[in-house]
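Reviewing the structure listed below.
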Amino acid sequence: MEVLELRTYRDLQYVRSMETLMRSLDARLRAADGSLSAKSFQELKGRMTELLPLSSVLEQYKADMRTIVRLREEVRNLSGSLAAIQEEMGAYGYEDLQQRVMALEARLHACAQKLGCGKLTGVSNPITVRAMGSRFGSWMTDTMAPSADSRVWYMDGYYKGRRVLEFHTLGDFIKGQNFIQHLLPQPWAGTGHVVYNGSLFYNKYQSNVVVKYHFRSRSVLVQRSLPGAGYNNTFPYSWGGFSDMDFMVDESGLWAVYTTNQNAGNIVVSRLDPHTLEVVRSWDTGYPKRSAGEAFMICGVLYVTNSHLAGAKVYFAYFTNTSSYEYTDVPFHNQYSHISMLDYNPRERALYTWNNGHQVLYNVTLFHVISTAGGP
């Protein structure tokens, strides 16, 4: 609920920033005596174009507010159920109580999954956070960490690297200070790493093995081959760089994006169990991976850019809930003309990008479709 309120606050700030522009346009229109020159008309038309994203933000703002109300009701319901359990503790064994608490957690998780979900309708202009490192690399925050935890992980290069820098805050990352170093026991391949719930998930160099490295214990918790997945530049994105396997996290969990010989080089999306790294379910998108610039997941939807170079767009969307796809046309400003890492962070509703040695953020706009039938 804290995350959703933060998102709603950000949307409200955007709305407020448009107020000055709206007042200016209103004054111009009131001052007009019924006739506008062609030049004045074109100027007003251009200013009105700037306001076009406002409608989707307003819809998003209203949807977020409705969801906050519903989530608060669910929390109150869960609190009442928990109080009832506490009163009955003397009458139930430990296993019975554990099962009831797990059921309550599942209800809250199911409701929380719906926060902020929707279809991608816009990507903001890029926000350059820092220029650091080589042309290729990755940087990220933990999507499952509390909002007060703003640690940043930084991994320079796309193959044979083992050095991971952990910065205490985003501010420290920008200044290049206050960090610790992790030395991975096995080198990585590509830039498709992700930090999820305190662990780093990455592709072991020269293999199709997924490694889960726990930062606090500084140890590998589990590693497992991804069945049939290509590696070592067999099926990379169009930019190469050993990007055969790309790990992602969205509102619903951990994903792997890759391809196999069996599906003729088309992108496969697999939902992974974050504890065992076993494949829960897979989808063949039909989109050739070598034609994709980069990709990211939002709300169970895979979005693919048509290039890693200048002029890129979010061009293709695959919906895992319906096993269907569509071609899209969402502008995506590739400021430094060479993207080698692109990941969505559901906690911040932002895209993290490594663009030609620059660490860049993009905010995203989602169109919410909130069901009115039934509870969360």
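Even glycines carry a Cβ here, placed using N, Cα and C.
Those TrEMBL annotations? Automatic predictions, nothing curated.
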Disulphide pairing with Cys117 per TrEMBL - partner from Cys111, Cys299: Cys299
Local confidence of the domain 'Olfactomedin-like' (116-368) - pLDDT mean: 96
Neighbouring C-beta atoms (10 Å sphere around the C-beta of Cys117 (disulfide bond)): 20
